[in-house]
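**Q** First the structure, which I've put down as structure tokens, then a few questions once you've had a look.
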């Protein structure tokens, strides 16, 4: 009996354990599973979609497990995006490094090629310099030989040069001489070390042309007077430039290359013109002489002129760097103009300050004088005031005393008012002058600031 009872109890217990217990947690899970099934069926049935109910949406949104799963998926997507970005950036940096290396290699190759080209160019340039030196020596020798052989055939070229000098206009000769002197640089520049054969040939041709022109000009007395006047004007201009003070010409020191060659040319021209004046002053004597005597005189004159002018080409016309000289001259002229402007500005400022000081002193003196006069008058009135009172005390009933006491005060009051009006009228133009001076000073300061900015720029 007992065994049967135990078996019955065991069977009952097994049945009880096999039956499901409907707990609230199980109900929620079942609802979530149903909603998931609906969503899956909706996604699978795309041609004919089956819509998900609103209750399923709410249950899925409220379930934390589904939210965590979705967040996890989003994190995975973000990590994938970051990984892709990192890979792209690495590839870009590698490309940059490779491009930079390529550029460096190209630059190094270019530098090496340029160095090779420079070496290849310097070798023939040194050869050219040596050849130019040899050519210049040969040209000097040939020039000396031609100078020695030239006096034999002088009379005919002299006549031709005279005819050409008479035919040429004075204005054209002036222009040609100025061009000849301006186009050739001075000999004192350090950069022009080696004279070329072309420069020496040009110098010889120029000396011959100057000699011929001066001889042609010797036949024109009016032209000689013009030349003398021009020389006097040039000397006056040079003297004025030398007399400029150091304050106005600070940039004169900046010129390290004085044009000595030009001065030598001017000396040669003055001597040749003096010779030409002597020749023109004695036309009758030359006509009276024989043609042989004329030829000898002209021969001696030409020798002297050639000896004087031979000194000039050796120092002048070295190199062909007229462009650099022109640039230096332009720069120096600009600096000279700037210095003149600054000196003028300084002078104007000094004058304005001196005028202001004088005006201030005059105003102070006027104020002192007026204050002294007023104090003196006040004292005078103070001392004279008791007079009528005493008189009134002595004779109070007299009418004449009262009139005498009242008149001076009234009469003396009028000139004071007149003087004050005159002082105010005089002060008005003074105030206007001060205002105009202050405006001029402000404009000068603005101009000075602009010049400083331009210099710094």
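From the backbone N, Cα and C atoms, a Cβ is placed for every residue, glycine too.
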**Q** Looking at 41-59, 60-78, which one does Swiss-Prot call region 'O-glycosylated at one site only in cerebrospinal fluid'?
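**A** It is 41-59 that Swiss-Prot describes as region 'O-glycosylated at one site only in cerebrospinal fluid'.
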**Q** Could you check Swiss-Prot and say which of 113, 207, 218 is marked as phosphoserine?
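**A** Out of 113, 207, 218, Swiss-Prot attaches the phosphoserine annotation to 218.
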**Q** Can you dig out which of the ranges 181-191, 445-455 Swiss-Prot describes as region 'O-glycosylated at one site only in cerebrospinal fluid'?
**A** 181-191
**Q** When the Cα of residue 333 (phosphoserine) is compared with the Cα of each of the modified residues 300, 372, 456, which one is closest?
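**A** The smallest Cα gap between residue 333 (phosphoserine) and any of the modified residues is with 456.
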**Q** Between residue 372 (methionine sulfoxide) and residue 456 (arginine amide), how far is it from one CA atom to the other, in Å?
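**A** Distance between the two Cα atoms comes out at 54 Å.
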**Q** Roughly how many angstrom lie between the C-alpha atoms of residue 456 (arginine amide) and residue 300 (phosphoserine)?
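**A** Cα of residue 456 (arginine amide) to Cα of residue 300 (phosphoserine) measures 60 Å after rounding.
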**Q** For residue 456 (arginine amide), just count the other CB atoms lying within 10 A of its CB, please.
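**A** Its Cβ shell of radius 10 Å holds 6 other Cβ atoms.
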**Q** So, by DSSP, how many helix, strand and coil residues make up the region 'O-glycosylated at one site only in cerebrospinal fluid' (41-59)?
**A** 10 helix, 0 strand, 9 coil
**Q** Count the Cβ atoms, other than its own, that fall within 10 Å of the Cβ of residue 372 (methionine sulfoxide), considering every protein chain shown.
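**A** For residue 372 (methionine sulfoxide), the 10 Å Cβ neighbour count is 10.
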